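Shown next, in structure tokens, is the structure this report addresses.
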Amino acid sequence: MGRSKAFGDMVFPTRSFMTLETVAHLGLLYFLFLVGVEMDVAVIRRSGKKALVIAAAGMALPFCIGTATSFVFRHQISTNVHQAAFLLFLGVALSVTAFPVLARILAETKLLNSDIGRIAMSAAIINDMCAWILLALAIAIAEVEGSAFSSLYVLLSGVAFVLVCFFVVRPIMWWLMRRTPEGQSISDGHICLILAGVMFAGVVTDAIGIHSVFGAFVYGLVIPNGAVGITLVERLEDFVMMLLLPLFFAISGLRTNVAEMKDILTVCLLVLVFVLASIGKIVGTILIASVYNTPLNEGLALGFLMNTRGLIEMIVLNIGRDKQVLDDQSFATMVLVSVLMTTLVTPVVTTLHRGSRRLVGYKRRNLQLSNPDSELRMLACVNTPRNVPSIISLLGIANPTKRSPIFVYALHLVELTGRASNMLILHSAANSTRTSNKSNTSSSPHIFSAFESYEQHAGGVSVQPLTTVSPYSTMHEDVCVLAEDKHVSLIVIPFHKQQTVDGGMEPINTSLKAVNESILNNAPCSVAVFVDRGLSASTVRLATSRRVMLLFFGGPDDREALAFSLRMIDNPSISLTVVRILPLEEHQSGTSSSSVVHNYPMANANSVEGQQLIQDEECLHQFRLRTVGRDYVHYIEKFVRNSEEAISTIRDLDSRHELFIVGRSYKNPSTDLTAGLKDWTDCPELGPIGDILVSSDFSMVVSVLVIQQYMPEGPQPALMTTARHGMESPMNNNQPVQQYVNNANVRMSDSTSSPTAPFNVGWN
């Protein structure tokens, strides 16, 4: 739009160019400083051989192809410029991968946490570091006014500058960080000195003959992890990213004069060089990926990802133009084809990855279908560090052992804010749980280290830390895809409210409520919503015994809650009480007093209700068989007339329990008792019973685990059961409902006429 005279004179008058360029250069200087602050050089050591080889191939092949082709056509495309410098600048511009843009693309395409995403990010970091070295070399060679000694002087001076930064400036920064008390930020005076150092580093490298951004980047690399880096990013990032850096792109756009692209032959040859170099990068990546048995379509997607262009290439091209290595025609052509290539990356990668993704089905999508003595795969979502003690306490309740271990995927949910540098840090943390983060915009390393510490001290638990960066509107997709890929049986999500000092509940983030509801509606396995109201307190965690109560109304969600409770029965330190709440009817018989009759609901065996009742009875029977002889497990039946009595019964329960486990029973209410409460629910994700337990009107302050069972669409498979009590299996077609009622009558004969009927777990 700057080519339009009216628009250009109004928005970009000629007299403003110098000011715009100065401010844009200042923004670029501090942006590269921040990139250096947030970049962990140790990532290169932890990247692994595969990422190193892919980065080398993805840089060497396009560099060689680009420079060789440019040399062949040098008389057409590089007239009136220094030939060696032109080839080197063009090679760097063709081989570089812009990791800030790549991180954003990976986050938006849900690939940041995938294998292909991790490899692409690691390779891009290595690629970027090499690009800066080559750029410094290209700038040194571009010193055409001097002799070969001048270029050697620039190179040696640049090496000396790097050594001084790492061996003189870095110890000073460490000394400054050690003087800063833990948990506090450095003083404003020290911040001013450090920021002035950015300008000084830029001046030094500019005086040496290397571009000033190189000095700012290296200066940022020497800032150590800790309070210094955190404070610098806090103070600078928004101002630099939102105000100063966009001016650099505006200046680059003003410099791109399409009208200068007059020589069609030169333009076509430059486009050919660019295309050949891009193809070389793709082919090189595919070849290396194939050596590591990576599928062709994933290798192709990785090749396109490595062709992501952006800020780094724009910097290279602008420096080349300033050094008069690139003329206006070459500059405009390279900018346009780079924008076009980056535009193609997202749709191509999305198409290739979705085409290659196979949703492999797995059977154990819920706990009821899993053996309680087998490994439980759990995906634990964490929003803030405060959720970590809650998840760890819940894992302790689940009783992981060597016989029934728990494999936990600890997933830190981070909102996508568009800050690519932060995504780089998250990626680094995902590669190593010991990585310290320099920005408090992500607390992933602290979260991961807590889980790692728990894994080392607890037996039967394995933890794999992961991070997803996504907008809240699509965050549930990341969670569901990861659960599908990892064959998870249970997703645990923290409630969107946290307990206050007075025992009430206040929202942490209103967006998390929508995320939780979306996960519940789209999850490929069972989901548990955990409301921590004291379970993670130190007094509870260090207690020698803990009391857990399960409220069983019936239905698939309650059966899933019962299946989760089965994992606790081998731990004598956990006192488990199962309370089954059943409907009761009163019948008047003449003038005699009313007699109470336990009303076990009846339904057609072929109906959904009949099948649900049979499965409830079978699950409870199996539970009692497994808990025979365990005096720390109790089973109680309570009979109520309506929803009001059900609520009153819950209020009268023993208040000494730390955790209540209930089924959600929101989509498919198990009985009329819970169906009547659905309309009064404030938090649908907790279901009617869970909502009552966490409401301010409830007298007890207890932690609540609300479980929703995964129910596959389509016809349900027949429930496999075994015969008992000398009768046929309930799933037999010979009057199954009548057998169900007979079983109930057997239990009634052992109970009293009281609405509350306790049973010993050894009852047979």
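Think of each number as a place in line: the chain as shown, counted from 1.
Even glycines carry a Cβ here, placed using N, Cα and C.
Quick look at what TrEMBL annotates:
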DOMAIN    15-350  domain 'Cation/H+ exchanger transmembrane'
TRANSMEM  23-44  transmembrane segment
TRANSMEM  51-73  transmembrane segment
TRANSMEM  85-107  transmembrane segment
TRANSMEM  119-142  transmembrane segment
TRANSMEM  148-169  transmembrane segment
TRANSMEM  190-219  transmembrane segment
TRANSMEM  239-257  transmembrane segment
TRANSMEM  264-288  transmembrane segment
TRANSMEM  300-319  transmembrane segment
TRANSMEM  331-349  transmembrane segment
DOMAIN    406-537  domain 'Cation/H(+) antiporter central'
DOMAIN    547-711  domain 'Cation/H(+) antiporter C-terminal'
Candidates 51-73, 85-107, 148-169, 190-219; stretch with most C-beta pairs under 8 Å toward the transmembrane segment (331-349): 85-107
Mean of pLDDT values spanning the domain 'Cation/H(+) antiporter C-terminal' (547-711): 78
Selected stretch (most C-beta pairs under 8 A with the transmembrane segment (190-219)) from 119-142, 264-288, 300-319: 119-142
